[in-house]
Amino acid sequence: MRVRGALQAAAVLATALWATPLAAKKNDRPTFHTKAFENAPRSLNYFPDSDTVLFQDQSANNVYLSSDHGVKWERVDAVPEGKAWMLSMHGFDSNRAYILTEGTTHFRTSDRGKTWEKFKSGIQLSLFRPDILRFHANDPDRILFNGMICEGLDCQEVAQYTTDGFKTPAKELRRNTDGCWWAKSSDLFTTGAEDLDNNRVLCVVRDSFSPFKQDQRLLISDNFFRTSDDSSDIQEFEPDLDMNKPVQGVVSIAVVKKYLLVATTSMNTDEMALFITGDTKKWHRAVFPANHEGHDHRVLQEAYTALESTNYSIQIDVMTTRPSNPMGVMFTSNSNGTYFTENVPHTNRNERGHVDFEKVTGIQGVFLVNKVDNWEDVAKKASTKKKVVSEITFDDGRTFEPVTAGDKRIHLHSVTELSNVGPVFSSPAPGLLMAIGNRGDYLKNYWDDGNLYVSDDAGMTWNKALDGPHKYEFGDQGSILVAVRDSKEVDVSEISYSLDHGLTWTKQALPDDLKIRPYILTTTQESASLKFLLIGMVKESPSWQVISIDFDGLHEATCKEDDMEEWFARVDKDGKPTCLMGHTQSFPRRKKKAECFLKQEFKHPVSKTENCECTDKDYECDFNFAREDGKCVAKGPIIPPEGVCRDAKPDDTFKGTSGYRKILGNTCKETKEMDDKYKDVERKCSEIGGGGGGKPSTPATDKIEQIENVFDKDWDRWEKHYLERGESSSSEGETIIMRGRTKSKLGPIYVTENHGKEWHVPKYLKEEEIVHIVPHQYFKDMVFFITTGKKIIYTTDRGRTYHSFKAPNEPSDDVMPLSFHPDKKNWLIWNGKKCESSDDCFGVVSYSKDGGDHWQTGGSIYTRRCEFTGSRAYKYPGRKEEQILCLKHEKESKAKDNPMVLISTNDWFDNEEIRQKNVREFATMAEFVVVATENSANKTLQASASLDGATFADALFPHGFVVPHQHIYTVLDSSTHAVNLFVATSMDGNLCNYGSILKSNSNGTSYVVSVGNVNCDEDSYVDFDKIAGLEGVALVNVVANPDAESSAPKRLQTKITHNDGAQWAYLSTPPNDDIGKFPCQSSGDEKCALHLHGYTERRLRGNTWYSSESAVGIMVAWGNVGDSLGPRKDSDTFMTTDAGLTWKRVKQGQWTWAIGDQGGIIVLIQTTSVSRKKTKSLVYSLDQGKTWKEHEFASDEVEVWDVTTLRSGSSQNFLLWGKGSKGPFTLKLDFSGFSEDVCKVDDDPDKSDYYLWSPKHPMQPDGCLFGHVSQYLRKKSDRKCYNDFKLQPLYGKEDCKCTREDFECDYNYQLDPFGQCSLVPGLEPADPSAWCKQHPDEIEYHEPTGYRRIPLTTCVGGRQPDKESPVHACAGHEEDFERKHAVSGLALFFAITVPFALAGAAGWYVWRNWNGKFGQIRLGDQGAAVFEADRPWVRYPVIVLSAVAAVVVALPVVVGAVWRSVSGLLGGRGGAGGGDGRGRWSRLGGGGGGGGRRFTTRDSFARGGDYAVVDDDEGELLGEDSDEEV
């Protein structure tokens, strides 16, 4: 078999020791040459059309080359010993190869290894991707280099390019990438324009404000991302992947023949969307058939494989079962790659994504597949052993036949059990195939039952050739077949070969009684050579042998015309050629018995074809049709032609598919009979399902459609879980899982897929006693149901199907039993316990990599809990996605003196390292890991933080901020690259009164006070709320009377920040309205402002209190106007649409709200749980609260307990939960009748249904926040349309000039009374030369000025105070520094002359404007306001710790109190709180036992300001008194 580029392995080390050429007599036996190596040869590659071969020794990092097909070997000595890190062959030039090192100097050859030249990349190889080099299909000199630049522990991927084959140093293409590709990445793909084919590049680009893959975008450039001649903007654009709009979440690009595929993902799901183009201009989303007969056709991450496709269609295999014992379905696309039809069900796959599928080389329409015969049993139970059968098709998958040897069926080992390199069965040798298989009903064991079979008629018939499993190869276009027995031992001493298509075989001993364990048998890619390479392992050292085998001496003669035959790919019983894919196909081939060799090295056989007339065999079922009883029957909606039925009525008709189509690639000649038989037929518009047309429009009714479901139960509370779908989800359903319950009893579990229109109890769950419902933290399609025993039931498809596994232990009592990985859906951690007796239990942690099918114990016992902290989102060197952090006892015993330690592992507990001792708790929040350690002597806490989960640094609080006894830390939402840490500063015993919120620097180690006297409750929850969807906006309630007696009631006031805590302000009062006058009017001050009820008064901690992530800037809250917050019973309902700048009262009293259609629908209702009132009506607004209408939903007043909708705010459906005279009910309210069409975005403001809205900053008139102004799409209030689910509200960002707000005080500096950063007395500035060590590519550094740039800012230009000081050269860059700062004669003249000319004017200006601040650096253009004493950087000092520690990934977690907060039933284990950990808090400290019940998590885990929250997953108290009732 040939070594293909796609199957190249990594590099390996080898030291050549000796070689022994052994000649054989002519016409007697082959010639052998052997060479010994110490290490295994890897990445074995032939230069195409040559005898030159090279391999890599991965152990010693060397490359070896042979120019005579392995007879002699030499190390490539142009590369220093031990420096060859990676070997890469050029994909489109047979003379070129590249050896990459770990540094920035690499090596290339353009003459098949005869000479090697150095080239510079300037950047390191990327650690995050294997595809470093990307080649251009037309121009071999055009190459992309995917590398990275690291600053400390923070790494950014960077792409470079060359257009001269690295003859000159590579140039930077773009930063912040996740891989770049040439558009012209295959011979067949073209953009349709020569200049675009040459230059067009596609890059996956990471969002500047978000590390998450769900925010990555595809950007295209035709000038290498440079600026154009007439603009300073970079020339790049984002293509409209989804017809008329771009799509974010791009994760990968693949070029398959003439198609380019882009895969996207989104939050809440691992389902992917595939977008396909034939020219990078017009894109389509790949559409798969409707699910039927248990076939799940969703394309999931790491669950689909692009197979070897044809020039006219794409073939993809999609995994449809559990990963531990996978099966799949193979699909084939239409000619433009858009619509896929099911081709082969129940394909055999393995855990690595390999599929038992292979096309027969050179013969159109013939391929072999392995299917799972007992697929139903395997789908039901993952431990069932597969019964695999082999089949072959000769019509591109329309029909399949058994593989037979004589009259017996045989089954063949295929791609999932690769035992050699290259294709499994076939080669360019026409019609010749070899395989390992067995006779019987299904495929058996390779080693015990496998034999070698040969076919010389393209797989129609097979003959047994040799007993036992063998590695095999083809030579001289099939004139010679070579095989070597496969073995697990070093006991193989001979090879076998055949010169007559496998009818007879000759054995030949290896030289010098050599015995090997074979690893690879290979030859040139064309299979036209008479030379082969055999690689095997031997017992003695050196351990590896590379054996060159030459058969050139067996025949002297070269084949003549009489020795050849015309071989037809398909013949009938009489031997006459038959049509295959619409034509006959024949090849010239050497006759079996001819005693000659073709000796046409490096040439491919050429076929001859002749078209036939079309028959029924040339047609297959069209999209969404499947064959039943010989006919194609509809299994899903019809796809209409472009534009059809867009404005039609359901009964209108059009010409649509008959259900049949000609097989793609079939070349048969059309006939009138076949045309008439399969022509388009009349179809109704009601049958369609998208495509180029559109569903018939439904006129707006301007009415709310409502559907009630009454439950004959005695429930008094609900548990409900919204399964938020992702943007890439193919399903449009809105799924909710719920159950009613009483104080002592759990009700049955109900599921709806249409937002409460219909409910059903899943059969799989009916008989189970389920105590917890736990949605997957990151992938909302997956939900776990924990029973009273060890049985865990789960669904991966939003409740359509169910599976189960056995938990390794009982769940822990005080932590969430399941921990999830943010990128790997099937990676699970089980936090369990083992009990020696009822009162003698200890923690045990287990992990699974296949969704619970198999479990292994993680580390030692007495482990309290573990969680995944690895993530693709945060890129740091050495960071592994397998990283796990655990809290465990230092000793494996119940000893009293047995403190907790924090351990980490990167290899599934094979190795563990203690990171911190005396640990009270740890929390993950965005990229940070925050740990609270305990000082046992004085019983206080110390916080420390890490970015990589390995190196922790103590948190340094601001100079002058002293808390005598630190007992409680609460980690708040930290989604803007800084930790928000609440430190309790006033305690009443162990109960929290109030404290300060401190904000960290970018590595979480040094803090500045953001706001003080913040209210907290007895559980250490804090009145702090980030506003969903906006960067840097948050609300707090502060205690206005901190000096009052402890028995005095707190006087709370509300403050808001619009710049992430740098400045806080009171809320302005609303204007007086029809309801009445307010007691005072003010723009917001301590005596008169609007005050809102906050987080500590919330019953459901996970709920979004004020806002919805997609209704940007819209907030609703309860509160009052005055000097402080009053009782909630006296509060009214207020609303803002400008992110809190202005407010208005919308209802008197406390009304519960829900926001839908991304702010287009707002519903208010009085709920019994809040106001103790019954009702029969609600009010709603369709214009963002400008006007309100009343809707009566019941004839009699009922109790309404809640109103809910999707947390994304994207739905037009709402659900009322309540209780009437007939019992508990749900009432679905459908608002779709108020709109007809999807809102459209248009560059023309008059045509667009949206306008651009930017949040304003109350203290910054330019509206800049973090150096930019954000623009959001908002629907115009007068437009009668609805927001598409896939609308991205954030439309764009515009950078601002740098001002004072973009800089903070540097290390050991603090703000002085003049508002300037001054050195803290007694401290020293940081060593400025450390900058060079952290940034090795920089050539200079500045002396400290006292200022540094805020990491989050994107500002450009303006003042740069961190650089307004003397500059010095970095060590080793002195020459570069001198060149950069060399002064020309003209510049010197002006430098001397101009200061004298300006001295008088400057002196006059200084005299006129002197304000006593001379000698200090002053920033910005705002004047004195910049330095006012009430600015936070004046009031609070800032001290910045040098970045000696950094760390990686922190992920939201659901633990402790959240687990217990939903318990309290059935032994304290009630409905679980799942969700995604957003909007939660992490509390460090408090009671004993590692924090106990008072440790919770609260993290939006947001992406650049998209502050989402958890699902409504906690048990909700209904119909009885609670802390929210007044």
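Each residue, glycine too, has its Cβ placed from N, Cα and C.
Going by Swiss-Prot, these are the annotated features:
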REPEAT    64-74  repeat 'BNR 1'
CARBOHYD  N311  N-linked glycosylation site
CARBOHYD  N336  N-linked glycosylation site
REPEAT    453-463  repeat 'BNR 3'
REPEAT    793-803  repeat 'BNR 5'
CARBOHYD  N938  N-linked glycosylation site
CARBOHYD  N1003  N-linked glycosylation site
REPEAT    1134-1144  repeat 'BNR 7'
TOPO_DOM  1407-1437  topological domain 'Cytoplasmic'
COMPBIAS  1484-1493  compositional bias 'Gly residues'
Proximal residue to N336 (N-linked glycosylation site) among glycosylation sites N311, N938, N1003 (C-alpha distance): N311
Contact set, same chain, for the repeat 'BNR 3' (453-463): CB under 8 Å, 6 or more residues outside the stretch: 360, 363, 366, 368, 392, 394, 403-406, 410, 412, 425, 431-437, 478, 481, 498, 501-503, 569-571, 592
Stretch-averaged pLDDT - the topological domain 'Cytoplasmic' (1407-1437): 31
Cα separation, N311 (N-linked glycosylation site) to N1003 (N-linked glycosylation site) (Å, whole number): 51
CB contacts for N1003 (N-linked glycosylation site) [other CB atoms within 10 A, all chains]: 29
N938 (N-linked glycosylation site) - helix vs strand vs coil (DSSP): coil
Inter-residue C-alpha distance, N311 (N-linked glycosylation site) and N938 (N-linked glycosylation site) (nearest angstrom): 74
Least Cβ-crowded entry, counting other Cβ within 10 Å, from the glycosylation sites listed as N311, N336, N938: N938
Tally of DSSP helical, extended and coil residues in the repeat 'BNR 1' (64-74): 0 helix, 4 strand, 7 coil
